[in-house]
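According to TrEMBL:
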- 114, 158, 159, 160, 161: phosphate binding site (BINDING)
- 237, 239: substrate binding site (BINDING)
- 7-18: compositional bias 'Low complexity' (COMPBIAS)
- 73-324: domain 'Nucleoside phosphorylase' (DOMAIN)
- 1-22: region 'Disordered' (REGION)
Ligand SMILES: O=P(O)(O)O[C@H]1O[C@H](CO)[C@@H](O)[C@H]1O
Ligand SMILES: O=c1cc[nH]c(=O)[nH]1
């Protein structure tokens with residue numbers, strides 16, 4: 001889809017405005033087979049003898065991807081390998097998953113030397129590095145992995161950190177919209193010399209479900225709002241402490257105030273890419289970040305390491321509540337890491353609707 005600009009939004013080439021605020025992720029026959037497995041918007045892939053997922057150190061012929069990943073329901077991503085290893089261990093406890101005796105969690109993608117990936121029953125925990133190009137490459141390969149593995153209606157989460165806009169460090173922000181540094185609600189990437197714009201949309205229902213799981217007893221606030229995705233940590237986020245700075249503190253504050261008055265509550269570096277690529281794939285997705293500082297009050301991250309480590313758990317706790325609730329309510333997914341979500345029968349060319357993913 002190449003988009004043309006219409007206001008802040010995009011059209012999909014058929015003149016359809018894809019920037020309707022109330023839309024949930026559009027899951028259609030373009031992105032799903034009859035049984036809910038992921039259908040790629042790329043006819044080339046199923047014609048290929050093999051598909052090498054180079055940055056994951058996996059391949060469609062070298063690995064039995066259905067056997068290895070067919071039961072995956074949740075894909076959780078965050079910047080660092082350490083955080084995603086910790087999340088894998090945490091979710092393992094939370095969902096009561098047991099590894100076979102004598103085994104331990106293994107980094108499935110270790111020989112890519114790029115990303116780390118851990119699998120805990122129906123949950124994949126993957127590091128995505130920093131910024132749009134890094135998470136973009138990962139999303140292409142993970143979406144293809146979902147297709148090859150015949151995963152049904154997977155849900156993706158980004159579990160991140162960010163700078164708050166008028167929000168104290170430690171506050172958890174669930175993104176209900178994503179915008180770039182120009183406040184455009186799309187992700188744009190040059191393709192064949194032309195700028196392709198894809199609407200950066202998140203599933204509003206999932207946002208509400210996550211917000212409802214915030215516990216009034218949590219010793220921190222959980223809020224929703226628009227997330228700004230910058231292409232840089234320093235100048236791109238209006239910091240005064242980069243190697244270069246050609247603006248004044250007043251300019252910075254004026255910019256942050258403008259962001260705040262446009263509903264932007266936090267800044268990080270992957271939101272538009274994550275929202276746009278999952279949306280384009282028809283994958284329900286959410287972003288939950290913890291603020292490391294209030295950018296209205298400063299630029300340097302000077303909170304002690306132990307405190308930052310505790311804060312980073314907060315988005316994980318919320319996402320784990322969602323996953324647990326889903327597994328308890330649906331109760332259809334085996335937690336032994338095998339089988340019940342895998343579809344072994346051929347499913348190509350079978351189209352229609354997917355089942356509902358909601359569980360309220
Ligand atoms: O904490 P994670 O999820 O890595 O993300 C945030 O931290 C990085 C910058 O420090 C950027 O990638 C930003 O998006
Ligand atoms: O200020 C911050 C903190 C974390 N990550 C960001 O991108 N910005």
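Glycine is treated like the rest: Cβ placed from N, Cα and C.
TrEMBL annotations: computationally assigned, not manually curated.
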What binding-site residues in 158, 159, 160, 161 place CB under 6 Å from ligand 2?
161
Helix, strand or coil: which one is residue 114 (phosphate binding site) in, per DSSP?
coil
Model confidence over the domain 'Nucleoside phosphorylase' (73-324) (mean pLDDT, whole number):
98
Just checking: which of the binding-site residues 158, 160, 161, 239 have a C-beta under 6 Å from ligand 1?
160, 161
When you tally the Cβ atoms that lie within 10 Å of each candidate's Cβ, which of the binding-site residues (114, 158, 239) has the highest tally?
158
Spatial neighbours, same chain, of residue 160 (phosphate binding site) - Cβ under 8 Å, 6+ residues apart:
78, 79, 268, 270, 287, 288, 289, 290, 315
Take the Cβ of residue 237 (substrate binding site) and count every other Cβ within 10 Å, whichever protein chain it belongs to.
23
Assigned element (helix, strand, coil) containing residue 237 (substrate binding site), judged by DSSP:
helix
Compare all C-alpha positions of 114, 158, 159, 160, 161, the record's phosphate binders, and send over the largest distance in angstrom.
20
Cβ neighbours within the same chain of residue 159 (phosphate binding site) - under 8 Å, at least six residues apart:
76, 77, 78, 83, 87, 288, 289, 315, 316, 319
Measuring Cα to Cα, how far is residue 237 (substrate binding site) from residue 161 (phosphate binding site) in Å?
14
Compile a sequence-ordered list of residues in the same chain as residue 161 (phosphate binding site), six or more apart from it, whose Cβ lies below 8 A from its Cβ; state 'none' when nothing qualifies.
79, 268, 289, 290, 291, 292, 311, 312
